[in-house]
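> The structure's right below; bear with me while I get my questions together.
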Amino acid sequence: MTKTDERKPAIFLLSLGCSKNTVDSERLTAQAVASGLTFTDNVDEADIILINTCGFIKDAKQESIDETLAAIGKKEEGVVREVYVMGCLVELYRKELAEEMPEIDGLFGTRELPEVLAAIGAKYREELFDRRELLTPPHYAFLKIAEGCNRRCSFCSIPKIRGPYVSQPIEQLLREAALLQQQGVKELNLIAQDISVYGYDLYGKSALNDLTLRLSDMGFNWIRLLYAYPLNFPLEVISTMRERPNVCNYIDMPLQHINDRILKSMQRGIGRKATEQLIDDIRQKNPDIRLRTTMIAGYPGETRAEFEELLDFIRQTRFDRLGCFPYRHEEHASAYALEDTVSDEEKEKRVGELMELQEGISASLNRKLEGQTLKVLIDRIEESVAYARTEYDAPEVDNDVIIEIGDEAVEEGDFRQVMIEDSTAYELFGRISG
């Protein structure tokens with residue numbers, strides 16, 4: 001592409017961080033395209049670099065800074081004219097970024113979409129708020145049902161970054177979902193910082209189940225629920241999963257820990273007893289459900305005995321999917337006032353122990369699937385190998401089903417029946433049977 005001053009600028013958009021950020025970038029892209037702007041995947045063909053940053057933990061912040069410095073380098077080389085930075089990192093460090101990187105042409109927070117668009121030569125149109133240009137594969141998308149968070153978890157800076165919890169009205173979400181369906185989306189993944197309290201601010205009660213039922217009626221192949229908080233979780237949605245074939249038997253519910261002292265320090269609002277009862281209730285209501293969770297190892301003051309309690313809990317509960325992260329001492333989180341007593345080396349050691357335990361659990365659970373025929377969604381095809389997921393696996397984080405397709409007529413976005421022949425802790429291997 002030859003750059004000229006007569007045409008509108010071409011944008012290179014780099015979207016970092018979580019799926020919530022992805023949705024923000026998709027909304028921005030749709031608005032910009034409606035104003036006649038074009039986007040390119042080749043930075044050397046761009047006039048403008050726009051980076052949607054993450055500021056959640058140290059590693060994510062560093063990635064955002066590194067990418068911004070690289071973009072500034074492209075500007076200094078004359079490859080691009082302008083560099084704009086938006087998103088979570090700006091919410092936390094706007095002043096510092098402006099002082100340390102004056103080469104940035106504009107800084108925008110998480111709630112400044114009209115301003116970002118104006119800077120790159122586009123116009124914000126309220127009537128296009130529901131429209132998105134997908135950055136995911138076309139067969140699945142994320143539906144952000146709320147913005148912000150009212151929880152005050154001590155390790156988390158999201159409320160400071162994203163502001164208070166604001167639910168999107170059901171009718172608006174249904175319009176957005178209909179547009180996604182028209183684009184060919186088959187799997188809809190419901191996301192927020194906390195889906196459990198969706199609707200309280202609008203309707204005075206949880207509306208998560210109502211929304212799920214309405215979306216189910218629209219005929220999506222799969223509807224998946226991600227990022228549930230254990231406190232105030234609406235159990236009726238678990239029954240809906242059992243009753244509605246297109247609502248996946250899957251819930252992602254980060255628990256973070258199980259020791260009562262640590263949960264209290266984390267300001268989670270729920271203790272061990274209530275957590276265990278909730279898990280029992282979920283599994284009794286829907287025995288086919290798969291439960292994903294996330295844990296933190298090395299929280300300030302975590303003793304070896306408290307960590308062993310967490311290991312025992314995981315051993316007993318046998319989560320279907322589990323991730324673990326070392327505690328990061330983040331200056332904008334309230335736990336920053338605590339002494340970071342566990343060394344980085346010990347944190348990594350504990351993460352390794354926990355994930356080794358989970359690897360054994362996952363391998364055992366996957367072995368039970370050998371010989372079964374499962375419905376899968378084909379995510380991508382590389383040469384003669386297809387990578388797929390079952391309803392029990394969310395995009396990007398869970399098991400892959402790996403299929404040697406040979407001469408089979410298979411396309412990305414297809415649903416197929418697969419006979420599982422072999423497995424590892426995080427992979428299933430099978431052949432197409434229908």
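Even glycines carry a Cβ here, placed using N, Cα and C.
So Swiss-Prot has the following annotated:
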- C18, C54, C88: [4Fe-4S] cluster 1 binding site (BINDING)
- C149, C153, C156: [4Fe-4S] cluster 2 binding site (BINDING)
- 9-125: domain 'MTTase N-terminal' (DOMAIN)
- 135-364: domain 'Radical SAM core' (DOMAIN)
- 367-434: domain 'TRAM' (DOMAIN)
> Would you pick out, from the binding-site residues C18, C54, C88, C149, C153, the residue whose Cβ has the largest number of other Cβ atoms within 10 Å?
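The residue with the most neighbouring Cβ atoms within 10 Å is C88.
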> For the domain 'MTTase N-terminal' (9-125), how many residues does DSSP put in helix, in strand and in coil?
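Result for the domain 'MTTase N-terminal' (9-125), in helix, strand, coil order: 58 helix, 23 strand, 36 coil.
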> For the domain 'TRAM' (367-434), what's the mean pLDDT in this predicted model?
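When the pLDDT values over the domain 'TRAM' (367-434) are averaged, the result is 94.
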> Counting every protein chain present, what is the number of Cβ atoms, excluding its own, within 10 Å of the Cβ of C156 ([4Fe-4S] cluster 2 binding site)?
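By my count, 22.
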> Within 8 Å of the Cβ centroid of the [4Fe-4S] cluster 2 site residues C149, C153, C156, which other residues of the same chain have their Cβ?
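Checked against the 8 Å cutoff, the neighbours are R151, R152, F155, S157, I158, P159, Q193.
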> If the [4Fe-4S] cluster 1 site is taken as the center of the Cβ atoms of C18, C54, C88, which further residues of that chain fall within 8 Å of it by their Cβ?
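Same chain, not in C18, C54, C88, Cβ within 8 Å: L16, G17, K20, N21, T53, G55, F56, A60, G87, L89, I161.
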> Measuring Cα to Cα, how far is C88 ([4Fe-4S] cluster 1 binding site) from C149 ([4Fe-4S] cluster 2 binding site) in Å?
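Counting only the Cα atoms, the answer is 14 Å.
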> Specify the nearest of the binding-site residues C149, C153, C156 to C54 ([4Fe-4S] cluster 1 binding site), where nearness means the distance between Cα atoms.
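Nearest candidate: C156.
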> With DSSP assignments reduced to helix, strand and coil, which class does C156 ([4Fe-4S] cluster 2 binding site) get?
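For C156 ([4Fe-4S] cluster 2 binding site) - judged by DSSP and reduced to three states - the answer is coil.
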> Can you give me the Cα-Cα distance between C149 ([4Fe-4S] cluster 2 binding site) and C18 ([4Fe-4S] cluster 1 binding site) in Å, rounded to a whole number?
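So the alpha carbons of C149 ([4Fe-4S] cluster 2 binding site) and C18 ([4Fe-4S] cluster 1 binding site) sit roughly 15 Å from each other.
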> Using C-alpha atoms only, work out the spacing between C156 ([4Fe-4S] cluster 2 binding site) and C18 ([4Fe-4S] cluster 1 binding site) and round it to an integer in Å.
14
